[in-house]
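Asker: First, the structure itself, so that you have it in front of you.
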Amino acid sequence: MPTEEHQTYRELPMLPLRGVLVFPYTVIHLDVGRKKSINAIEDAMLGSKEIFLATQKEAQTDEPDEEDIYEVGTVAEIRQILKMPGGTMRVLVEGLFRAEINAYLANDPYMKVRVEELRDKKIKSPELEALMRNLVGQFEQYVRMSKKIPPETVVSVVAIEEGGRLADVIASHLNLRINEKQRILELSDINKRLNYLCELLAKEMEVLELERKINIRVRKQMEKTQKEYYLREQIKAIQKELGEKDERSSEVEEFRERIKKANMPKDAEEKAFKELERLEKMPPMVAEAVVVRNYLDWILSLPWSLETRDRLDLKAAEAILDEDHYGLEKPKERILEYLAIRKLAKKMKGPILCLVGPPGVGKTSLGKSVGRSLGRKFIRMSLGGIRDEAEIRGHRRTYVGSMPGRILQGMKTAGSKNPVFLLDEIDKMTMDFRGDPASALLEVLDPEQNYIFSDHYLEIPFDLSKVMFITTANSVFNIPRPLLDRMEIIEITGYTEEDKVHIATDYLVPKQIKEHGLKESNITFSEGTLRRIIREYTREAGVRNLERQIASICRKVARQVVEDKDTFVHVASNSLNRFLGAGRYRYGVAESENQVGVATGLAWTESGGDILSIEVALLKGKGNLTLTGKLGEVMKESAQAALTYVRSKADELGINDEIRDKYDVHIHIPEGAIPKDGPSAGITLATALASAMSGLPVRSDVAMTGEITLRGRILPIGGVKEKILAAHRAGIAKVLLPVENKKDLAEIPAPVKRKIKLVLVSHMDEVLEETLLKLEAIQPGEDFPGVLLNPELVGENLNQDRVEPEANKDLC
């Protein structure tokens, strides 16, 4: 609002200011760089050299609008312009008087406004005089406290007689926020302006007083530190004269005694003494002294010569292994062999074993049992997800917070140089720009190198040759070949159903009853119940999920016992739905009838073996092949090879030309959501194709596995034990295997061998002889589900002579 009787307006270019406010009666430099601002300056220079200065509400706004600018500003006169590099300019302006925006007249090429002058009234009163004196006194005290304002400024301020001008000049010298300065600019009442400025000045002096006290306190602390350092040096000199030892000397002497008693190798001892000499020469407060002290602590905490005595009693060790784990004969046998050799040969390098098997078969817990059976310390290190090489070898001491790798950290924890060291999930490591931890493990797991294992932090060799390293993995395919070559692979296959029943009865059920606070008198499981849990509620090679299901039943029984509903519960097979709900898995069983175009194969998965039905249908077409069931590339190629073989043997199989050339073949493997791959279904595919194209049914009690070539040769496959166990579980009477897999039959449990007839075959002709039913065996009017026999085709088959290959079977 104007303070004069007549309102005075001016039309002026406007310069929006960012982060700065110009008061009347002040001279200030402004750096101008925005295009519109430069245009406003240039236009003002062409006229009266007056320009309106208004501050933006937000300094970050590059292109301010009307609502982004405070309405009250200062009319200033341009005194000087200096053009700077980059198209900017430095402008010297002098504030003249307050003004308020009345209207915006233009926005381009610069902002032009009509402003209303707000000149101060020239009045005098006792109250105004008192306020001015108080403000001047406060300002003088502020100048003395801040020491940032020249004393000459006080002289010029004291000479000001107008209250409004006094407030503006003093406000321009204070370090205030923009909103506080803007309020001073907007206060047209001089008394209110002086009062508000006195309040702000009082707050600023309080802040300065606090800063002064803080500075004094910091200075005293620094003086105290320097004084303490000086006194310590004096104490050292006095103690030296008296022949006494100071704290640093005592620490150094303690380290020296520990190094002598550590019984370290010569090179490690020399390194330790060298670092101790460095520590002795360093001032106590130097940061490097802490690094050296930590380094010496690490060296002295490692078990350079400490060993635990092995328990060489083979019977006791075997009893411990059998107590903790059922089955697992191969790894147990290998551990006992190691004990026997240790008993005969005192000096022997520790073995490096790799236990490979599906989840839940007891690989990790077996490592702990090995440590217990040998009487050694046990250390476990999980490698899953590790991608930094420094996790194995440590960080160099040049890095802040460096420390040894997890190998030496484990050795420190063990406190002996011959622990059982379990490297869990070695197939789950990854690599990135920080290095490859698998490559770093080569030195750890190589018996020819690990006796001089060098950690980046220690930089001295440490002997790992007496450590018994055991690694675990679910698959060897993800382990780098050089690393795999350094380990002794022991495969732990899945448990049979009989094994799982035995483990559940003797281990899992008693364990869960105890963990849930129950007693054997509260709950019992029948054998049929355990079998149904295994078949319908779990699908795994191990027993982890089986234990989980048993625990679920125990929880429900525990609740019943607490609620006094039942004090004894017998978990019967027919009551499982009440405890666990409906079965989750389809239990694979053999086909009940002989069918045309349907053959039973065997599959090997991470959860063990399973049976695999293969279905073939013929459709009129052009001889094309269609494959469904989410098959992998290898399996698709096996199907193509099987079809080629069957077509090449069309005459011998009694397949007429029309069926061979004018019918499309559709091969489907059920459970289409599950990916399937591998070459071992080759002979099963060929059998199903031969059956569909010849019209001869396939025996439903026969399962088979093997890779086929175009000439009909049968190549060996993997997972023999798991596949035969799956066939036994499904009720298969006969299994056909490649003759080259005869060596794998030694792993098959004797009870399974007695119940299944194992036939070794080397050529596809032998497979067809064992699987396809001769047409003479078909009873008149008998029908085979799945594919209807073509009467004409049957007639042709009956009239053709079949080539019967000589039997070349190896029965087991």
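Any Cβ shown, glycine's included, is placed from N, Cα and C.
Below are the features listed in Swiss-Prot for this protein:
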| type | residues | note |
| --- | --- | --- |
| ACT_SITE | Ser680 | active site |
| ACT_SITE | Lys723 | active site |
| BINDING | Gly357, Pro358, Pro359, Gly360, Val361, Gly362, Lys363, Thr364 | ATP binding site |
| DOMAIN | 12-205 | domain 'Lon N-terminal' |
| DOMAIN | 593-774 | domain 'Lon proteolytic' |
Asker: How many neighbouring Cβ atoms, not counting its own, are there within 10 Å of the Cβ of Ser680 (active site)?
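Answerer: There are 28 of them.
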Asker: Let me know the model's mean pLDDT on the domain 'Lon proteolytic' (593-774).
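Answerer: The answer is 88, the mean pLDDT of the model over that range.
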Asker: Check each residue in the chain of Val361 (ATP binding site) that is at least six apart in sequence and keep those whose C-beta is under 8 Å from its C-beta; list them in sequence order.
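Answerer: Those within reach of Val361 (ATP binding site), by Cβ under 8 Å and sequence separation of 6 or more, are Leu328, Ile492, Thr493, Gly494, Tyr495, Ala541, Gly542, Val543.
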Asker: Taking the mean position of the Cβ atoms of Gly357, Pro358, Pro359, Gly360, Val361, Gly362, Lys363, Thr364 as the ATP site, which residues outside that list, in the same chain, have a Cβ no more than 8 Å away, listed in sequence order?
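Answerer: Going along the sequence, the neighbours come out as Leu355, Thr472, Asn474, Ile492, Ala541, Gly542, Arg544.
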Asker: How many other Cβ atoms are found within 10 Å of the Cβ atom of Pro358 (ATP binding site), counting all protein chains shown?
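Answerer: A count of 21.
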Asker: Please give me the CB contact count at 10 A for Lys723 (active site), counting all chains in the structure.
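Answerer: Summing over all protein chains shown, Lys723 (active site) has 28 other Cβ atoms within 10 Å.
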Asker: Using a Cβ-Cβ cut-off under 8 angstroms and a sequence gap of six or more, which residues of the chain neighbour Gly357 (ATP binding site)?
Answerer: Lys363, Asn474, Glu491, Ile492, Thr493, Gly494, Ala541, Gly542
Asker: Non-local Cβ contacts of Thr364 (ATP binding site) (under 8 Å, 6 or more apart, same chain)?
Answerer: Arg380, Leu422, Asp424, Thr472
Asker: Around the Cβ of Gly360 (ATP binding site), how many other Cβ atoms lie within 10 Å? Please give the count over every shown protein chain.
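Answerer: If we count other Cβ atoms within 10 Å of Gly360 (ATP binding site), we arrive at 20.
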Asker: Could you give the Cα-Cα distance between Pro359 (ATP binding site) and Lys723 (active site), in whole Å?
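Answerer: Between the Cα atoms of Pro359 (ATP binding site) and Lys723 (active site), the distance comes to 18 Å.
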Asker: To the nearest whole angstrom, what is the C-alpha distance linking Pro358 (ATP binding site) and Lys723 (active site)?
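Answerer: Lys723 (active site) has its Cα 15 Å from the Cα of Pro358 (ATP binding site).
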Asker: Please list residues from the chain of Gly362 (ATP binding site) whose Cβ is under 8 angstroms from its Cβ, counting only those at least six apart in sequence.
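Answerer: Non-local contacts for Gly362 (ATP binding site): His325, Leu328, Ile492, Gly542, Val543.
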Asker: What's the CA-CA gap between Gly360 (ATP binding site) and Lys723 (active site) in angstrom, rounded?
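Answerer: The Cα atom of Gly360 (ATP binding site) is 19 Å away from the Cα atom of Lys723 (active site).
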Asker: Any idea what the Cα distance is from Lys723 (active site) over to Ser680 (active site), rounded to a whole Å?
Answerer: 11
Asker: Which one of the binding-site residues (Pro359, Lys363) has its C-beta surrounded by the most other C-beta atoms within 10 angstroms?
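Answerer: Of Pro359, Lys363, the one with the most crowded Cβ is Lys363.
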